[in-house]
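Student: The structure is given below, and queries will be raised subsequently.
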Amino acid sequence: MRLVVVGLWCLILGLILNPTKFCDAGVTSSYVRKSLSALPNAEDVDMPWDSDVFAVPSGYNAPQQVHITQGDYEGRGVIISWTTPYDKAGANKVVYWSENSKSQKRAMGTVVTYKYYNYTSAFIHHCTIKDLEYDTKYYYRLGFGDAKRQFWFVTPPKPGPDVPYVFGLIGDIGQTHDSNTTLTHYEQNSAKGQAVLFMGDLSYSNRWPNHDNNRWDTWGRFSERSVAYQPWIWTAGNHEIDYAPDIGEYQPFVPFTNRYPTPHEASGSGDPLWYAIKRASAHIIVLSSYSGFVKYSPQYKWFTSELEKVNRSETPWLIVLVHAPLYNSYEAHYMEGEAMRAIFEPYFVYYKVDIVFSGHVHSYERSERVSNVAYNIVNAKCTPVSDESAPVYITIGDGGNSEGLASEMTQPQPSYSAFREASFGHGIFDIKNRTHAHFSWHRNQDGASVEADSLWLLNRYWASEDASSMSAM
């Protein structure tokens, strides 16, 4: 009963401070973004090579393109990655310490290089540090001599049902001036995201001639100002596939998997493109739109096994990340996620997934809680219906990439679509406790804290548990 009262007060307070409605259906925003006349070629749209955000750090063999992600299942590990021009002694070492201790520790990473067409990468270092203390600020140092560089990160709180935590949400960002605006906008948001859930499509280097992998390097330097200090949880998108038989590249995901590791083995996954983590009060499952997912496939078998491990008494918020949206009312990529929806949606509903975040479509859209699990080829019930056990689907592929906005929408707006707008921006998912979380979407043209769309979410699992408790009283 106490949890019910706390949850209701949280909801009432949220409505007073931010008077938004629950799932207002059918809104197509009237806001029209002033176009920067997106051009067809990445060379014409991406920031110039000599942009200050692409600057190479000074010093001999200086570490660059520094980024971190969660390094284990529970949140006590971090993977630190960086590149150096040369594989010199000391280049592969991380020195780290907590702000509460003067004792410094050292860890050694692994080093890899890869080739892609006529490009050979720099030396790419990955160092996994485990057994860190929860909810603690750590500093870490890379490099040596005049090339030393220092960064920091904060580990998440220990997983627990009422642990508050704030996630930033970014997708399909690329490296245009709009991309820079999106990242700046996120950094300035007073909500202060503690980690980023990234919905895929990083550098868009494949839009350059021969998939110019130098654009992976510029993107790594551009994003470092955020991802070196807070973990980004990676989802692979179609622009990470890099399958290009016309230039002799037959192995997919080569640049992405060499540069951006994930803690997939910690969740029993045999592939870095799908995995799961626990972070504070959230259990996050990352799926791959561009890997096999039909019944009996490795991803399918892993996914169904992972769902059985979710403990909603420990991590009540069940979140799924997948690049291609399963519900999408834009003309761009319309119904591309339909096959995956048919396979996975029954599990989303049965296990009461709270929210599914996607990218791919270069605009913003939020759905009602709907499902289409009743459909089969015999009964032809192919219209989504309201379903309180279903997740909210949010498409946030509006990071600012060189392909521009997806502005053409299907008409009329389908009943499952609650809000849609063709603008660049980012999102915030703010978990308050086991029962309530607040989602907000922030378009780049507004002040960083202005909410162009927002929604209070009632946890699917605990809502049903509380309802059962109330009915039994």
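Cβ coordinates come from backbone N, Cα and C, glycine included.
Source: prediction; values computed, not measured.
Annotations per Swiss-Prot:
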- 1-38: signal peptide (SIGNAL)
- Asn118: N-linked glycosylation site (CARBOHYD)
- Asp172, Asp201, Tyr204, His362: Fe cation binding site (BINDING)
- Asn180: N-linked glycosylation site (CARBOHYD)
- Asp201, Asn238, His323, His360: Mn(2+) binding site (BINDING)
- Asn238, His360, Val361, His362: substrate binding site (BINDING)
- Asn311: N-linked glycosylation site (CARBOHYD)
- His333: active site, proton donor (ACT_SITE)
- Asn433: N-linked glycosylation site (CARBOHYD)
Student: Roughly how many Å separate the Cα of Asp201 (Fe cation binding site) from that of Asn238 (Mn(2+) binding site), to the nearest whole number?
Tutor: 7
Student: Report the member of His323, His333, His360, His362 (the recorded positions) whose C-beta atom has the most other C-beta atoms within 10 angstroms.
Tutor: His323
Student: Within its own chain, what residues at least 6 apart in sequence put their Cβ under 8 Å from the Cβ of Val361 (substrate binding site), listed in sequence order?
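Tutor: Long-range Cβ contacts: Pro325, Asn328, Tyr330, Ala332, His333, Thr395, Gly397, Ala406.
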Student: Out of the recorded positions Asn238, His323, His360, Asn433, give me the one sitting nearest to Asp172 (Fe cation binding site) by CA distance.
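Tutor: Considering only the listed recorded positions, the nearest one is His360.
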Student: Which entry in the list of binding-site residues, Asp172, Asp201, has its Cβ near the fewest other Cβ atoms, using 10 Å as the limit?
Tutor: Asp201
Student: Say you check the Cα of His323 (Mn(2+) binding site) against those of the recorded positions Tyr204, Asn311, Asn433; which is nearest?
Tutor: Tyr204
Student: Which ones, of the binding-site residues Tyr204, Asn238, His360, His362, have a Cα no more than 10 Å from the Cα of Asn118 (N-linked glycosylation site)?
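Tutor: Cα within 10 Å of Asn118 (N-linked glycosylation site): none.
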Student: Spatially speaking, which of the recorded positions Tyr204, Asn311, Asn433 is closest to His360 (Mn(2+) binding site)? Use C-alpha to C-alpha, please.
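Tutor: Considering only the listed recorded positions, the nearest one is Tyr204.
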